[in-house]
Amino acid sequence: MEQNGENHLKDPLLQADGGGSGASPAGASPRKERKTRKVMFNVRGISCASCAVSIETVVAGLKGVESVSVSPLQGQAVVQYRPEEADARTIKEAIEGLNFEVDELQEQEIAVCRLQIKGMACTSCSESVERALQMVPGVKKAAVGLALEEAKVHFDPNITSRDLIIEAIEDAGFGADLISSGDDVNKVHLKLEGVSSPEDIKLIQSRLESVEGVNNVECDTAGQTIIVAYDPDVTGPRLLIQCIQDAAQPPKYFNASLYSPPKQREAERHHEIRNYRNQFLWSCLFSVPVFMFSMVLPMISPFGDWLFYKVCNNMTIGMLLRWLLCSPVQFIIGWRFYVGAYHALKRGYSNMDVLVALGTNAAYFYSVYIVLKALTSESFEGQDFFETSAMLISFILLGKYLEVVAKGKTSDALSKLTELAPETACLLTLDKDGNAISETEISTQLLQRNDVIKIVPGEKVPVDGVVIKGQSHVNESMITGEARPIAKKPGDKVIGGTVNDNGCIIVKVTHVGSETALSQIVQLVEAAQLARAPVQKLADRISRFFVPTVVVAAFLTWLGWFVAGQFDIYPREWIPKAMDSFELALQFGISVLVVACPCALGLATPTAVMVATGKGASQGVLIKGGNALEKAHKVKAIIFDKTGTLTVGKPSVVQTKVFSKIPLLELCDLAAGAEANSEHPLSKAIVEYTKKLREQYGSHSDHIMESKDFEVHPGAGVSANVEGKLVLVGNKRLMQEFEVPISSEVEGHMSETEELARTCVLVAIDRTICGALSVSDPLKPEAGRAISYLSSMGISSIMVTGDNWATAKSIAKEVGIGTVFAEIDPVGKAEKIKDLQMKGLTVAMVGDGINDSPALAAADVGLAIGAGTDVAIEAADIVLMRSSLEDVITAIDLSRKTLSRIRLNYVWALGYNVLGMPVAAGVLFPFTGIRLPPWLAGACMAASSVSVVCSSLLLQLYKKPLHVEEVAAGPKNDPDLV
């Protein structure tokens, strides 16, 4: 669909000059070298900033060096260079030439790839893949997720390659397909048109590699497709398409269109499901007749007489038919178990395939022995067990089929997230004055940074951006979990994947591709599902000796029953008809082999973590892996920051006081000039108040005075040189640091302000306090209820703030927090956390990310609240998309529910094996006459894995705690503040 525009692939420059859509590809400057490397040096002897500057100056002057950064505090130098023109040794010698000692260099060129792993069934399998990857030279780090069936590998591309990594996995007996290469960078996949030879593709590749902003180009000559990794700050997919078009020389014509390869994970999952289903159905085609010929028809006349008819000596028609029908099941359909067992034993470990292969082979080859013995003897009579082998394989395949179907549902939440973004967007073409002159519907993947798009009511927001025109309400529940639509006006951010409710808005694109909030959420959840929870170590330890123990137990079971039968320790009537003591013992031994299930143990943790992280993401709670999920359930104390955490984080100046003859506007101008470079909410409040004050005085200028020598004093305030004056803006501690006298009048005003639960910000000019600004930041409406609910969960709440004691105590009293630490700087917050940890408490820290990084990192569990679109917060273990304290409760409650589910899974998996193996070994047989036939034992084994996965799937029914939902449904402030 197109309106007043041309085909967007033929003419990608849809914005007119000055419209802000991006630069022409013709104007993109080609680069001399595409590839760069980064190296880090540990440099000793750096004592000051001037040392760092001297190193940077010398190294930057070397040929081929693109950038250099020296950290005096860490004693490190990071240099990015072009390997064709420079090398690490030359750079090291240059630094040593300045009389600095340089340690051995550490190359930082690490590549990343994600692989789909096929054939993993239990923890032993995932450990085998991980060991195989770690043994590959050049592999730095490898993480394998059993439930996700993926691996993420960090490797040195100078030593190994993706092909060698895949080959190592295949040598270990598993399949591997490349999902993606690169560490989640922006890429576009294009299908080439008009290409007639490999030379054409090479020409296109060279042209693309010369474009500024292109990081890598991968070509598939056979499929005529190309993958381009690019920097969205410099270029974009439409510019790349035009570059391809411009590469053609008449009469040739090149074009490119977006290519969407099949979603590999879903395709592999569906293929695996179809494969197991087909194998099960084929096995039933043979196993059911074997079962009928063995168990049912011999009891029905005249079928019984026919089946017992002797063909040669004592070999009957029934024996021959069962042998012929069972063999395809054993060696064709069951071949996968032989392959899996071979590769496992080859690598020095054992898995479920080993148990299945041993059990079915024992039944099959003993049955073959019986048939051959009957064929060659006129007096021998024996009973074959072909139905055991055939039915066992069929039931195991049925269990695997049900298991992969259930496992596929564990990633439903993640799949729904990936499908939120719309396929198309309405791109506007603007004139020089910013007015829309045409609009064109294009693929969302073709959007570039700074594009301007139109979103009408009911449409999904395609990518992250900022509203530049129009007003509306946007439903963000699918991303943040916020139940109510959020009001949006010019200047507000919108998130890709959310739904525009009732107004038409014009949005400027700010983030595309892998940089969007939705993509970051998906990446974070995928990484979390790859990470192992500490509780998984229990299954890992058990899996190492599980199968050998089962094999020994099965042998001892057979030996015990066989010896007991030979020496008549039990009555002969215990032995079923048509069996002898050896055959009865063999049945018990095979049952023990196949009833044991290591898969259920291996799936207990990863499936629960996978469902929980996906469920949390759908509610705006992003949990960074099983470690954070497990630690959160142990939390006994939570430390809250005040500003932006307990309060709404939108402080405003509500009162001013001048202590000198300086005009109020001049005082505020100087304070705003000093605060303009700070990101703290109080600083923004002062700057905003100054702008409004100017309007009251008749000035409409937004200009803020420039400052020099700006410095942040953590927990105290800021200092700067504004208009030649030393301006200090902060609390009492800042004034004391600069030895500024504080009069009794100032002290009195501070006390009055703090009694009203306001923050008193002092402004000193040239070491004289000239005024004070009273800043109020209202409490979040749910704060009191959230603190009360945490208390009911057995969690104590503590407030640690850099604000004054009076304000802190007033806020704490209002929300119900009993323990308060005030006037604490960011480092002090981390120290308070360590003090609590020394007392044996598991401590969580909740902060808004501003000045809270040390505390978030020091806490056992760091929760960054109100992340919004900024979900890549490194210091936090759990990222909360909204600013609501109810999500803190949701995170901890979800953690507790998940750990309870994992424990239940372990109880079931361990209990099943602990109880199932003795029953299979025949402990009930002497008392009740009940025994577990091998085929039924196999069915029980298959059911155990399915039951564990289904148990984990129950986490999809998780709902927020009742009281918290009541808070969410209650009245709220301005939606912009919540």
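In case you wondered, yes, glycine gets a Cβ from its N, Cα and C as well.
According to Swiss-Prot, the features are:
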| type | residues | note |
| --- | --- | --- |
| REGION | 1-35 | region 'Disordered' |
| COMPBIAS | 1-11 | compositional bias 'Basic and acidic residues' |
| DOMAIN | 37-103 | domain 'HMA 1' |
| BINDING | C48, C51 | Cu(+) 1 binding site |
| DOMAIN | 111-177 | domain 'HMA 2' |
| BINDING | C122, C125 | Cu(+) 2 binding site |
| DOMAIN | 186-252 | domain 'HMA 3' |
| TRANSMEM | 280-300 | transmembrane segment |
| TRANSMEM | 315-335 | transmembrane segment |
| TRANSMEM | 352-372 | transmembrane segment |
| TRANSMEM | 385-405 | transmembrane segment |
| TRANSMEM | 545-565 | transmembrane segment |
| TRANSMEM | 584-604 | transmembrane segment |
| TRANSMEM | 907-927 | transmembrane segment |
| TRANSMEM | 935-955 | transmembrane segment |
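Per-class residue totals from DSSP over the domain 'HMA 1' (37-103), listed helix then strand then coil: 21 helix, 23 strand, 23 coil.
With a cut-off of 8 Å on Cβ pairs spaced 6 or more residues apart, the transmembrane segment (315-335) and the transmembrane segment (584-604) reach fewer than 3 such pairs and are scored as not touching. Long-range contacts of the transmembrane segment (280-300) within its own chain (CB-CB distance under 8 A, at least 6 residues past either end) are made by residues 307-308, 318, 321-322, 325-326, 328-329, 333, 386-387, 390-391, 393-394, 397-398, 401. Counting residues per DSSP class in helix, strand and coil order gives 22 helix, 20 strand, 25 coil for the domain 'HMA 3' (186-252).
DSSP assigns C125 (Cu(+) 2 binding site) to a helix. Beyond its flanks by at least six residues, the transmembrane segment (935-955) meets 356, 359, 387-388, 391-393, 395-396, 398-400, 402-403, 406-407, 409-410, 590-592, 594-597, 599-600, 603-604, 607-608, 610-612, 615, 897-898, 901, 904-905, 908-909, 912, 916, 920 of its own chain at Cβ-Cβ distances under 8 Å. Same-chain residues lying 6+ beyond the ends of the transmembrane segment (907-927) with a Cβ under 8 Å from its Cβ atoms: 550, 553, 557, 561, 570, 574, 588, 591-592, 595-597, 600-601, 604, 937, 940-941, 944, 947-948, 951. Within 10 Å of its Cβ, the residue among the binding-site residues C51, C122, C125 with the fewest other Cβ atoms is C51. Rounded to the nearest whole angstrom, the C-alpha distance between C122 (Cu(+) 2 binding site) and C51 (Cu(+) 1 binding site) is 55.
Break the domain 'HMA 2' (111-177) down by DSSP state and the numbers are 22 helix, 24 strand, 21 coil. Within the model, the domain 'HMA 3' (186-252) carries an average pLDDT of 81. Taking CA atoms as the reference points, C125 (Cu(+) 2 binding site) and C51 (Cu(+) 1 binding site) are 52 Å apart.
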